[in-house]
Amino acid sequence: LLCLYSCQWITTKKEKRKGLRTTKCDCSWFLFLFCVFLFTLVWLYFAIIILNDFHNFNEFIFKQRKLWLDWSLVLLIATSVLITYSAVLLVLALCLQLCGQPLKLHWLHKTLLILIALVVAAAFTGLGIKWAEEWRSASISLQATGPFLHIGIVGGMTLLAWPLASFIYRTRNTGVKVFLLLVYCTAMITLYLSPLRISSPCIMEENQLPPKPALFGHRGAPMLAPENTLMSLHKAVDCDVQVFETDVMVSADGVPFLMHDEELTRTTNVQAVFPERAALNSTAFNWTDLQQLDAGSWFLERRPFHTVQSLSAGDRYQATKQRIPSLEQALEAAKQNNISIMFDLRPENHSDYQSFVNATLEVILQSGIPLQQVLWLPDGFREQVKQQAPGVQQVYGRKRLQNEKEPLLHVNLPYQDMSSEEIRQYRQDNISVNLYVVNQPWLFSVLWCSGVSSVTTNACQVLKEMKHPIWLLPSSTYLMIWIVVDCASFLAILWAFVLLKKCSQRRWPAEPEADVLLTKINSLMQE
């Protein structure tokens, strides 16, 4: 253990052992190691939480660098390496402390720990600058993980009592003993009482659970088929989605079609068919040109989701045959499958945006789809839409205002923008709340318990199978778990200090006699 931690072997010579005693500097490095481990552990938690939204990051990198890669794998692998390295060093240090060995951290380990701290600090800084909404995601995640994090942290701090007690009984510095005991006791009391601050919508009785939220397919079923294609729409129908959520643009000759990005490079083979025009806005192409593009093969080549690997041969073949669908085709498919369609009209800053609205409304009115199955998201020229198509459901991308002239019936917001209390209030006021984009079961469970009406998701095939939130605890059961965990922890800590005190009392009196005996033997051998 000493070799792995200090990169040197401990010898049996007494004079060498004296040179390897733990100094104040060594204790400082152990404290630094402990802090780096906790810092990296917190980053691992963040990395797992932001997986829900990581597809957005992949799309952002592609727009900037034209390079597609599932960066979530890079993030998880790198984080796992960092946390494993710091955890191994920490375990070695604790074992050495229990064995009474010196904590001489090698300079190479010191250098690597400093680098780890800098890398994780840079990661947190980048997250705060470029992806600040993920801090709110982490806050929401505590509603799902808070009760279990409390149990885990209490367990970890309880185990820490063993090396702490060992150190306290070995050291002769009374000030250090008092300081460590005060810090440890304060931390444990805080942990024991922390459930008073833990709140989760899933702490409720079974009969209070709201209905399961409806599923909106984000661009269809993008984990099972190329996004914004008819195949994706049909896969979403198979997942029992109630609404096909998509994005609409209008071609240069006035045909509304489904497309999310302003450029065609990510989801089509435009670079191969029209290389000189690949960087143009999607609206610069006429419908004839758009129909020449392959809108499905990229899905198999880039594998935007891990689920692509499990597609059947039939689905793979069907994906290669996908073309950019027009809004008319999408409305016809939605009408045949009796699902609603909700869309954004892009780009909103286009100079011809009013003509886009007119062309889109014309297609909707001519399609024959019941207007209540159309959910209108764009804010531009909304009053005109209300007059020409009064049956269309108006969905707002904002919260209600205090002096709202016309009451909102449907709102569509990022899941980070609404608290559980607001969701409950909107539900009581009969306002339908749809939150996006919800992919992870833990997040879906929290929103389900909060009472959200529906969620937009990439993972409709996963959320479809959920018949119940991941966990649901009555408040009385959670109270019982809290009391049992705290009592068990207190007894374990008390036992650790009592047991190690008895061991130290047995061990230390024998040491002076052993030293005298070794001295006599050494003098006899020298004579």
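Placement of Cβ uses the backbone N, Cα and C atoms for every residue, glycine included.
Marked as domain 'GP-PDE' by TrEMBL: 213-467.
Annotation source TrEMBL lists transmembrane segment at 27-51 (among others).
The feature transmembrane segment is assigned by TrEMBL to 71-99 (among others).
Same-chain residues lying 6 or more positions outside the transmembrane segment (111-129) and placing a CB less than 8 Å from one of its CB atoms are 32-33, 35-36, 39-40, 43, 46, 50, 82, 85-86, 89, 135. Residues annotated as transmembrane segment in TrEMBL: 111-129 (among others).
Feature annotation from TrEMBL assigns transmembrane segment to 149-169 (among others).
Residues annotated as transmembrane segment in TrEMBL: 176-194 (among others).
Annotated transmembrane segment per TrEMBL: 479-500 (among others), in sequence order.
Remark: the transmembrane segment (479-500) contacts the transmembrane segment (149-169), by the rule of 3 or more CB pairs under 8 A. Counting only same-chain residues 6+ beyond the ends of the transmembrane segment (176-194), those with a CB under 8 A from a CB of the stretch are 150, 153-154, 157, 160-161, 164, 167-168, 486, 489-490, 493.
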